[in-house]
Amino acid sequence: MTHFVAMEKQRVIRFQRGSENEGKAEGVSESETKPDTGLPEVPVPADDTPEVLNKALSGLSSRWKNWWVRGILTLAMISFFFIIIYLGPMVLMLIVLCVQIKCFQEIIHIGYSVYHSYHLPWFRTLSWYFLLCVNYFFYGETVTDYFFNLVQREEPLRILSKYHRLISFALYLTGFCMFVLSLVKKHYRLQFYMFGWTHVTLLIVVTQSHLIIHNLFEGMIWFIVPISCVICNDIMAYMFGFFFGRTPLIKLSPKKTWEGFIGGFFSTVVFGILLSYVMAGYSFFVCPVEFNSDHNSFEVDCVPSDLFQLQDYALPATLESLTGWPTVRLYPFQIHSISLSAFASLMGPFGGFFASGFKRAFKIKDFANTIPGHGGIMDRFDCQYLMATFVNVYIASFIRGPNPAKVVQQLLALRLDQQLNIFNSLKSHLIERGLLEDVA
């Protein structure tokens, strides 16, 4: 035990000296470079900017080179985003799942870089096993909620649906027991630390991606507009900060400026209103995703609700005197888009600040080097997950009402005598209200 403690102290001293030297070289104060815990530093991913871009931009300063690399890759990602939107909601859901898995892998890899130095068993295996368990639980709940007719029609799916939570719990319990059996003497604290690491990662990544898919089922507009607002805010804040930024915003992200923050806010609100106006006129974007049992296919077809019907709104006297317009014709969703874009601009960046704090804790620049100039997938989606939660809460609080289709689905799942009792109760209620005549 004494020998182990002595080795640990030497390793911590070596790590602290290396961090201090690095801080001095960069002109950072000692208080900022002193490590919190003495955990090993995570290796910094190598620059993987395509050689073509490196050669084309070789004559530029590092600042402008980074600007062009980020710009070119941003345009490429936006183009890819348009393509998957064209392919429809089911492809979007698949992309969300892929992004979730990649974000999980990037965060777990950081933990593994720390954990692997102790040569302890099963961490990565158990992490991916828990990811499988949590996804099985959430996606099983989603399938049961939104595709009830399909589930009830297929015998295997009906059985899985009936015992879904029991199966999910049994799967998780198996992983829990595997973790307990993997505990190694003298390293209990670190193993429980990594157990918590995995579960917090699941909470941040899987839960939020599940909410994104729930938003998608309400209509693609609830997915596209919030995500586009976050993207717009990120781009415009970067542009305003790059050209006009002078005042630092927060120490966690030294390159963020008040000029970029404010410019991004106003740009995003205008962008959200305009994008909502364009999209609200197309049923492909506003209709919920539903399963048609007659055609055995998923459809996006409906009569748009009042939320997506143009209405006249009277302008306040001040605006009327400035514009000369007594009224303005808008979709009600455009008013809601102001709340979405405002949140994307004011609260969304705090997801990025949180990620910046996490990266500073492990002295890494990016979560990975998947996208040149942008870092990893998690670096691009750190604000999106916070946005997904807000949109889901917003829909539940201000938009979604009782769903007759789900009520009918639940009634059909009852026994015949229970259905008859509900029918008689509903009939009596409608007769009392004068909506039906008592023919008895």
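Positions of Cβ are set from backbone N, Cα and C atoms, glycine also.
TrEMBL labels come from automatic prediction, so no person has curated them.
Copied over from TrEMBL, here are the features:
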type     : residues : note
COMPBIAS : 17-35    : compositional bias 'Basic and acidic residues'
REGION   : 17-41    : region 'Disordered'
TRANSMEM : 67-99    : transmembrane segment
TRANSMEM : 120-139  : transmembrane segment
TRANSMEM : 166-184  : transmembrane segment
TRANSMEM : 191-213  : transmembrane segment
TRANSMEM : 219-240  : transmembrane segment
TRANSMEM : 261-285  : transmembrane segment
TRANSMEM : 333-355  : transmembrane segment
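Among the stretches 166-184, 191-213, 219-240, the one making the largest number of Cβ pairs under 8 Å with the transmembrane segment (333-355) is 219-240. Among the listed stretches 67-99, 166-184, 191-213, 219-240, 261-285, the one sharing the most Cβ pairs under 8 Å with the transmembrane segment (120-139) is 166-184. Using a Cβ-Cβ cut-off under 8 Å and counting only residues 6 or more beyond its ends in the same chain, the transmembrane segment (261-285) has close neighbours at 219-221, 224-225, 228-229, 232-234, 236-237, 239-241, 244, 249, 300-302, 304, 308, 330-331, 333-334, 336-338, 340-342, 344-346, 349. Beyond the transmembrane segment (191-213), the same-chain residues lying 6 or more positions past its ends with a Cβ under 8 Å from any Cβ of the stretch are 93, 96-97, 99-100, 103-104, 107-108, 111, 115, 120, 123, 126-127, 130-131, 134-135, 138-139, 142, 179, 182-184, 223, 384-386, 388-389, 391-392. Tertiary neighbourhood of the transmembrane segment (219-240): same-chain residues 70, 74, 78, 81, 85, 89, 92, 212, 256-257, 259-265, 267-268, 271-272, 275-276, 279-280, 284-289, 300, 333, 337, 340-341, 344-345, 348-349, 352, 383-384, 387-388, 390-391, 395, selected by CB-CB distance under 8 Å and a gap of 6+ residues from either end.
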